[in-house]
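Working notes, structure below.
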Amino acid sequence: MSLVGNDNHAVSNVHEPLQHPRLHLIRRQSVHFTSSDSLVSSVSSNEGVGWSRSNDALLPDGEIQISIPSDKGESREREEWSSPLEFLFSCISMSVGLGNVWRFPFIAYENGGGAFLIPYLIVFTFIGRPLYFMELALGQFSSYGMVKVWKVLPAFKGVGYGFAFGTWSIVTYYCSIMATTTFYFVQSFFPVLPWSFCDPTWSNDLCVDSSGSTSNISTLNAQSSSEQYFNNYVLNRYDNIENGIGLPDWRLAICLLFSWVVLFLTLFKGVKISGKVSYFTALFPYVVLITLLVRGLTLSGSSTGILYFITPQWEKLLEPKVWYNAVVQVFFSMGIGTGTMQMFSSFNNFKHNIYRDAWIINLMDTFTSLLAGCTIFAILGYLAHELDTDIESVVRSGPGLAFVSYPDVIAKFSVAPQVFAAIFFLMLFTLGLGSASAMTGSVITVVCDQFPKFKKFYVALVTCIIGYLLGLVYITPGGQWILELVDYFGGGFLIFMLALIETIAINWIYGMRNLVRDIDFMLDRKLGIYWKFCWVFFIPVSLTSILLYSLIGMPLPTVQGVSFPYIAYVCGWMLPFIALSCIPIGFIHAVYCSTASTLFERVKETFKSKPSWGPMNETYHKAWLLCKH
């Protein structure tokens with residue numbers, strides 16, 4: 001038997017069955033077809049064989065019989081987005097999140113200002129974008145989430161569960177941030193913003209009214225009322241957690257409940273609802289950011305703030321920490337390694353142009369980071385001007401930026417400060433909702449893929465209830481300590497490790513050639529050397545270096561310079577241990593489920609794709625099998 005597929009026309013004289021575990025094909029005629037990558041769009045027969053069209057794919061009538069194995073209890077149908085725009089906006093909503101608005105400006109400033117854009121764009125180009133596209137491609141090709149997609153290599157299905165564990169760790173504290181944002185949003189409707197002045201019930205002698213315009217906080221060694229309001233009234237924060245973390249605050253517990261109810265209403269019907277919500281969660285933040293930027297540019301000192309943000313500090317480029325932070329920012333911002341990209345793309349039509357969408361999403365992500373940086377530093381420039389101090393004195397990261405620095409600025413507005421406060425915190429809630437719904441949805445998809453008979457309504461309900469109960473930990477007086485711990489151990493180091501294993505497994509064991517072939521078949525697009533170089537060499541080498549640096553050179557997390565108790569660090573290291581232990585457990589389970597006769601054959605079989613691996617749509621699956629042979 002001769003069977004050849006290349007860029008030239010190929011002829012196959014088939015007079016015997018093709019020997020392949022997934023393909024049982026008998027033809028007693030000579031079939032003439034074009035190159036494998038265009039099989040679904042151009043097929044001809046030299047003996048007048050009839051061809052039928054189904055779902056835009058051409059297949060031969062009658063004489064070719066292909067059996068497509070499927071796992072027990074699995075359906076070959078999957079819901080799809082109502083519109084391609086819903087997929088695009090959902091990805092933008094996930095990627096353009098809190099990481100862009102409250103993390104990127106500070107990280108850029110701390111790591112070289114304008115010079116940070118060089119390592120950021122290099123990491124974005126050679127690590128972020130290729131990984132992002134690979135995860136989108138795997139999800140769309142298989143129509144599965146982050147666990148079931150490992151039918152491609154059953155030995156590594158534990159990687160999917162590790163991703164799910166890491167994603168779940170992140171989403172639990174994400175919703176606590178949404179709860180705090182909800183609390184501030186409600187407080188914004190008071191006639192006088194409650195953080196704009198020092199209230200004796202929660203302030204001390206060091207407190208200075210944020211609404212004042214001439215107080216030099218850095219000289220007085222004092223604290224603004226917005227800072228004391230956040231720490232003493234909203235969080236009731238502990239200075240250490242040696243004696244425990246305390247009990248949840250009832251006000252924040254209600255706000256947390258509201259956040260999870262909104263998440264549930266977004267997710268309980270799958271992409272039918274979440275896709276519609278994405279129009280708002282993707283577009284509204286741009287309206288607010290542009291509005292705040294325009295307002296910021298009218299304030300005194302704004303230009304100084306923006307210049308401070310973009311002025312390069314070239315000497316920083318020689319520090320390994322800067323490159324490490326660039327990778328962290330790219331992963332955090334784009335949602336790489338959380339399974340959300342596989343989940344979103346798994347609901348696409350098989351032929352959807354994710355190559356184009358990936359370009360759009362990646363560009364929007366970078367644009368949003370720069371827009372947020374200019375907006376935030378314009379506001380901080382005004383704050384520094386009002387306080388007659390340096391930018392360094394008012395720059396904060398994360399919660400400090402969202403709940404201290406920005407409320408400080410709003411308190412000084414003479415015109416409609418409540419309006420600006422309300423739209424700012426509504427924007428933060430929207431950003432959190434877009435990311436949290438994506439991450440929670442990916443966890444729900446894992447359960448629904450594994451147990452197809454479970455109704456999504458009940459899976460979403462149980463998931464949100466568990467998420468709410470776990471989230472209560474973060475709204476205790478010691479909750480910010482737990483947040484820092486989980487963010488460090490569950491969201492950074494762990495994601496890097498799993499992303500490295502994912503890249504090596506797909507490109508070195510399944511094979512880069514097979515991955516490129518599958519993408520060619522799906523998108524009718526040949527990928528160039530750039531993708532192959534990044535997937536096979538650059539990403540594995542660079543992520544390995546970053547992991548070694550994080551293990552050897554990175555200090556353990558602290559809160560305002562105070563170290564955690566020893567037992568807290570032990571608990572923190574348990575997070576990556578649990579997630580990474582899923583890999584050997586998954587491997588053992590795959591070996592156990594193998595149908596091969598000997599142990600060696602069972603192990604060997606787990607490093608091969610399952611017979612049911614491939615496009616979920618039967619028409620495309622048959623065409624793919626023909627394409628392979």
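The backbone N, Cα and C atoms fix where each Cβ goes, and this holds for glycine too.
Keep in mind that TrEMBL annotations are predicted by a computer and have not been checked by a curator.
What TrEMBL says about this one:
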- Val96, Asn100, Ser333, Leu431, Ser435: Na(+) binding site (BINDING)
- Cys198-Cys207: disulfide bond (DISULFID)
- 85-104: transmembrane segment (TRANSMEM)
- 116-138: transmembrane segment (TRANSMEM)
- 159-186: transmembrane segment (TRANSMEM)
- 250-271: transmembrane segment (TRANSMEM)
- 283-310: transmembrane segment (TRANSMEM)
- 322-347: transmembrane segment (TRANSMEM)
- 359-384: transmembrane segment (TRANSMEM)
- 419-445: transmembrane segment (TRANSMEM)
- 457-476: transmembrane segment (TRANSMEM)
- 488-510: transmembrane segment (TRANSMEM)
- 530-554: transmembrane segment (TRANSMEM)
- 566-592: transmembrane segment (TRANSMEM)
Alpha-carbon spacing, Ser435 (Na(+) binding site) to Cys207 (disulfide bond), which is rounded to whole Å: 35
Stretch among 159-186, 457-476, 530-554, 566-592 sharing the most Cβ pairs under 8 Å with the transmembrane segment (322-347): 159-186
Non-site residues, in chain order, whose CB comes within 8 A of the mean position of the CB atoms of Val96, Asn100, Ser333, Leu431, Ser435 at Na(+): Met94, Ser95, Gly97, Leu98, Gly99, Val101, Pro285, Asp365, Thr368, Gly434
Stretch in 116-138, 283-310, 419-445, 488-510, 566-592 most in contact with the transmembrane segment (457-476), if contact is a CB pair under 8 A: 419-445
The transmembrane segment (250-271) and the transmembrane segment (488-510) contact flag, 3+ Cβ pairs under 8 angstroms: no
Contact call for the transmembrane segment (359-384) and the transmembrane segment (419-445): at least 3 Cβ pairs under 8 Å, seq gap 6+: no
Long-range Cβ neighbours of the transmembrane segment (419-445) (under 8 Å; 6 or more residues past either end): 90, 93-94, 96-98, 100-102, 145-146, 164, 167-168, 170-171, 174-175, 177-178, 181-182, 184-185, 188-189, 193, 259, 262-263, 266-267, 270, 274, 277-278, 280-282, 284-285, 288-289, 291-292, 295, 335, 338-340, 342-344, 346, 402, 406-407, 410, 413, 456, 459-460, 463-464, 467
Close approaches to the transmembrane segment (159-186) from elsewhere in its chain (Cβ under 8 angstroms; 6 or more beyond its ends): 98, 145-150, 234-235, 251-252, 255-256, 258-260, 263, 337-340, 399, 402-403, 407, 421-422, 425-426, 428-429, 432-433, 435-436, 439-440, 442-443, 446, 467-468, 470-471, 473-475, 479, 482-483, 486-487, 490-491, 494-495, 498, 501-502, 505, 575, 578-580, 582-583, 586
Inter-residue C-alpha distance, Cys198 (disulfide bond) and Leu431 (Na(+) binding site) (nearest angstrom): 30
Of the binding-site residues listed as Val96, Ser333, Leu431, the one whose CA lies nearest the CA of Cys207 (disulfide bond): Leu431
